[in-house]
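Down below is the structure, laid out as structure tokens.
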């Protein structure tokens, strides 16, 4: 950066605490790049340091924190604001270059060469000396993940464009996908969030572009597209496929031109392709305004196998260094910078802070569906198909029992048929070969049983509708209320209880209004909601008052009849014995 910019930055007040990570493991000091010159330190263990100290020394700052216990993400708003809201940059249009991809594929390693270029872009030897360790973003050899969440370099570079304007350049490092501690949702969230906030997303791949790489890209970009409210154009800007360890230079040469030819072949939509493969390629073309590809050779055996490798150029193959000198300026040279745009409008540093806040809230909420692995998605589809088939079998069989053209069936017979057919449907579900295991499939069997019970409840209502007495229950109930109120009104009026008589007349009038309204609703089909309310009131009166009263009266009549029969029988026996004695 220019000296004036550094002086202005040094004068900015910075308060509060930031998270940074410092290497405490002595053995890691060999693999990690230690602090040198202008590129700051490597950090590993979570520490809190004063932001004044952090701003005095360039270093990576974690702005999106990954919580492994609940697989959620948190934005460190204070850290992001203190980086992007510095007075000399906050109103500048921003360029965000992000590197994403699978874990342990050298994303942070690549970003550190980008840092070298940004600090020495005016020099032909920006790539550094042969014995100079690689510093900047934390990186190391090995098979365990290093970066979590999203980190940015805390020094925002102010660059003069060829057209005379100034832009701010921010470098972003992301958590590697598909490690042993991250879910598909974690990977999708990090990739989508970095793609949504970057102007250039470098998709870091190893050796080749495989079909699963494209499918994961489709899933992750769709997850990001869903989070953006209204999209009338391609939602994302530039995607650069970076193929590391390219082993086929005899087919496609290293660099941009070879990558362009290779990418065109990989993303070509062919008529004889399966529809699934065509859709993946169409989706990628529809999501990004610009697509590119760069083929990078293997850095050499010393880089891959030497545990003490610290990024010195003397240990890296010449082919790799040559192509690296072409790649980094392709992304970061002033004439090649891509300014961040959202919905066609340029984004400033100040704007990007607000977009980060808005996007992280979306991913912290439950509005978006949770992305799933291919196995889980296939197992779900497999089980749902089995549920649908078994439910369809149950419905068709029940239609034969009490369908629209079938007569009314006794409730006890209907329930017996239901239980038999439910068992048949469950057996059919179990007989289908399904993915996911017994515990996973059990949830879908429970879902099937619940759906069958819900369908059975509808069949009960349909069957009850065929019962003429059930259909006449509402008018009969209302008429019974009117008749009872008429009798009670007459009796209470006769004995002088006029207030009760008036109340009974009022209830009788309401019942008459309900009866007339119900008849109109059934005749015209209008005001069906009112008709439903009247049916519910009548149902409540029937179940809570009239039916219990009728049952009690019937029990009393039956009891009286039995008593009279017993008495009559005893009387007959006594009379018979008396006649025998007389004879």
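Positions of Cβ are set from backbone N, Cα and C atoms, glycine also.
Taken from Swiss-Prot, the feature topological domain 'Cytoplasmic' covers 1-476, 521-583, and the record attributes it to experimental evidence. Positions annotated as region 'N-terminal hypervariable region (HVR)' by Swiss-Prot: 1-60. If you look up Swiss-Prot, you'll see 91-336 marked as domain 'GB1/RHD3-type G', on the strength of sequence analysis. Positions annotated as GTP binding site by Swiss-Prot, on the basis of similarity to another entry: 104, 105, 106, 107, 108, 109, 244, 245, 303. Taken from Swiss-Prot, the feature Mg(2+) binding site applies to 108, supported by similarity to another entry. Swiss-Prot lists 374-465 with the feature region '3HB (three-helix bundle) domain', giving similarity to another entry as the kind of evidence. Annotated region 'Linker' per Swiss-Prot: 466-474, in sequence order, evidence recorded as similarity to another entry. Here Swiss-Prot flags 477-497, 500-520 as transmembrane segment, drawing on sequence analysis.
A sphere of 10 angstroms centred on the C-beta of residue 108 (GTP binding site) encloses 23 other C-beta atoms.
Note on the topological domain 'Cytoplasmic' (521-583): mean pLDDT across this stretch is 69. By the criterion of other Cβ atoms within 10 Å of the residue's own Cβ, the least surrounded of the binding-site residues 244, 303 is 303.
DSSP assigns residue 244 (GTP binding site) to a strand in the three-state reduction. The residues of the region '3HB (three-helix bundle) domain' (374-465), classed with DSSP into helix (H, G, I), strand (E, B) and coil, number 79 helix, 0 strand, 13 coil.
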